[in-house]
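What Swiss-Prot records for this protein:
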BINDING   G13, G14, G15, L16, A17, G18  FAD binding site
Amino acid sequence: MFNKLSTPIHIIGGGLAGCEASWQIAQSGIPVILHEMRPQKKSEAHKTGQLAELVCSNSFRSDDSSTNAVGLLHTEMRLAKSLIMKAADANKVPAGSALAVDRDGFSKTVTAALENHPLITIKREEIQEIPENWPHIIIATGPLTSPKLAKAIQTITGTEALSFFDAIAPIIYTDSINMDICWYQSRYDKIGPEGTGKDYLNCPLNKEQYEAFVQALKNAEKTEFRDFEKTPYFDGCLPIEVMAERGLETLRHGPMKPMGLTNAHNPTVKAYAVVQLRQDNKLGTLYNMVGFQTKLKYGEQVRIFRMIPGLENAEFARLGGLHRNTYLNSPIILDQTLRLKQRPGLRFAGQITGCEGYVESSAIGLLAGRFAAAEYHYNCPCLPPLTTALGALLNHITGGHIVDEKTGRKSFQPMNINFGLFPPIASASYSGKRLPSKEKKLAKKQAITARALNTCIQWLINEEKNKL
């Protein structure tokens, strides 16, 4: 057991990830100094000086661990003795199958736990630079990282490694795409760095379908930017609904252009417009809608995007969005244990690494804390298996990405936990008979979660053995 006179691990940022990392490290017997600028300096979104303040919703989403990916992540984090999950459970409010919390009670519980821990010191101050004489650091400053610290991070990581605007296109589960309508083909059959000439899925629209789609976009309900998100649009990242409003033909000369594509199902008929889907992960279980960043309300996205031929039954792993964010190009600059490759004493955690959501941010904080603690004790960090929710999310951040056809660099966008991040599992059957589609989907999810919990328990056992 160390004491407060031992060399501490410095954690910058008192949000969900920073608090979880602090707890995991302190619980392993290592002193922590947690730096939080509030209330000395307020952010554009926070209202209080409490640690782990919930800025937006009070929901941690579904708590169903057998058929829901985020519910599975809840359970894995509970198994790993997560402070955030303990505080959420202690402050839960009625919300059906979801885990929702009293936001004030939740933040106070987390704050009290950290303030009362004998190995945690909380310093209310803004960190504007990354000190060279701190040997162990975790940066968990979230999507609203202060400008001076963001500049310091850019200096260390390189200017292209930090994004300030989050353009997200919807992502679709591959097995929900109608392959009787869609076909594989790259435009003009071009082969990219890791391509085959058939790297995109294509959804054809005739003139009538295209015009109805454009009109639906123009009439749809949009989500407005929050005050602290008001960043001007730039032409390379226009929401599709904004493009639709610029003219009827704008989209078919932009992301929906049909040139260089031939419908494999009907080669003699030229599509009037085409929506392209691009593989989003190495597993091939997810495809994103190319150029479809949007601020449409979620319900509108589902309704309108299912108008696209081939996507009439599409299931979405993530819906689109366009908002201010601060996140790293993590697959390029971080190693498997969330360390900056060029400065191994510096780790990143939470939303700044490229995860989305309260639970996901907390989970990456948990892993960063455990990895840092293992190294401090001169042990090799034990990575969670890819078959666990923790491992699948970590893999998304540090390596589960494909090379961008145009730039040759790994493409990377923030992501919530979803079943598309997990390795596939064999189709479920019952007594040798194949299940109906709906039952098959349910059985598949149950098989993935059962496998995940078994491997998570074994991972935690192995991690304990690693400490000996």
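Note that Cβ sites are derived from N, Cα and C of the backbone, with glycine treated the same way.
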Other same-chain residues whose Cβ falls within 8 Å of the Cβ centroid of G13, G14, G15, L16, A17, G18, the recorded FAD site, in sequence order: I11, C19, E20, A21, E36, L51, A52, A140, T141, G142, A349, G350, S361, G365
Would you count the other C-beta atoms found within 10 angstroms of the C-beta of G18 (FAD binding site) for me? 31
So for A17 (FAD binding site), how many other CB atoms are inside 10 Å of its CB? 35
List the same-chain residues at least 6 positions away in sequence whose Cβ sits under 8 Å from the Cβ of G15 (FAD binding site), in sequence order, or say none. L51, A52, E53, A140, T141, G142, G350, Q351, S361
